[in-house]
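Asks: I have a structure here, written as structure tokens, and I will follow up with some questions on it.
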Amino acid sequence: MGDPWLSAYDAALRVARKAGAVIRDAGEKEIKVCTKSSTVDLVTKTDERVEKIIIGALREQFPDHCFIGEESVAKGEPCNLTDKPTWIIDPVDGTTNFVHGFPFVAVSIAFAVNKELEFGVVYSCLENKMYRGRNGKGAFCDDEKIEVSDVKDIHKSIIISEHGTDRSCEKVEKIFSTMKKILCIPVHGLRGSGTAATNMCLVACGAVEAFFEIGIHCWDIAAGAVIVKEAGGVLLDVNGGPFDLMSRRMVSANNMVIAERIIKEIEIFPADRDDAPIKKITKFCKK
Ligand SMILES: O=P(O)(O)OC[C@@]1(O)O[C@H](CO)[C@@H](O)[C@@H]1O
Ligand SMILES: [Mg+2]
């Protein structure tokens, strides 16, 4: 049997580039900002518009496929991963960056069949870098094959994490306590680009050793997960168990030595699963 998902992969690359161009253009104009789950969970017309463009184009070509998109889920659509061919989309990963002109904004498109990720595309559209990975076929940035770093000594590592959009003090304390413990190992540095998809690509191309977060969503990390795995990296739950795309918890690392060392320091806090019963998020926009 040939390559069953090649046309889907090509479509993902095409529409990711198109989406990136729309985001770049929109960034030149005035951006009207609304909020979703908290006052620091930002959304703009561009997020919604780009998601419509991506899903519209893919649905036209693949009418039987299912779609999980960040903004559609925010409007109350289901977020269940079934065995059916399913696209998992974050139209703008790094909306806060987009709003502020901080130069890391990504379009993230992944494709899963039988709950297995087949490929992932992350277009870092302000840098104009196209990261991509296909199950069993390697990971690339533009035309260059990428690989994770070979560092095994945590003292020689850079680790990425993010603060998320839930600012309840209890959670923030746990996040900072974890970061403090990791910093004090000590590691070479802690970083955060503001987009989970880009963070994972930084692991995949060896610029950092690991990225972990509790509170991310499946659309933030699905494409990056394929890219990290195909670049030779590992994906785990924050408790060291198997990675679960819908769990909102993840450690991605260049190897098990680094992953397990970080896991020792992570203070786990609860996060509702992405496939928990639907709750529509109310959007707030200033008049
Ligand atoms: O809302 P957006 O811009 O798509 O997601 C931005 C983002 O920062 O939120 C996650 C959860 O904290 C991050 O790690 C992720 O990349
Ligand atoms: Mg987004």
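Including glycine, each Cβ sits where the backbone N, Cα and C put it.
According to TrEMBL, the protein has these features:
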type	residues	note
BINDING	GLU70	Mg(2+) 1 binding site
BINDING	ASP90, ASP93, ASP220	Mg(2+) 2 binding site
Asks: Expressed to the nearest Å, what is the distance separating ASP93 (Mg(2+) 2 binding site) and GLU70 (Mg(2+) 1 binding site) at their Cα atoms?
Replies: 9
Asks: Which one is it: of the binding-site residues GLU70, ASP90, ASP93, which Cβ has the fewest other Cβ atoms within 10 Å in this structure?
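Replies: The binding-site residues GLU70, ASP90, ASP93 were compared, and GLU70 has the fewest Cβ atoms within 10 Å.
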Asks: Just the binding-site residues from GLU70, ASP90, ASP220 whose C-beta lies under 6 Å from any atom of ligand 2, please, or none if there are none.
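Replies: GLU70, ASP90, by Cβ distance under 6 Å.
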Asks: In sequence order, which same-chain residues at least six apart have a C-beta under 8 angstroms from ASP220 (Mg(2+) 2 binding site)?
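Replies: In sequence order, ASP90, ASP93, SER108, THR195, ALA196, ALA197 meet the Cβ cut-off.
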Asks: Taking the centroid of the Cβ atoms of ASP90, ASP93, ASP220 (Mg(2+) 2 site), which other same-chain residues have Cβ within 8 Å of it?
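Replies: Other same-chain residues with Cβ inside the cutoff are GLU70, VAL92, GLY94, ALA106, SER108, THR195, ALA196, ALA197, ILE216, HIS217, TRP219, ILE221.
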Asks: Three states by DSSP: which one describes GLU70 (Mg(2+) 1 binding site)?
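Replies: Helix, per DSSP.
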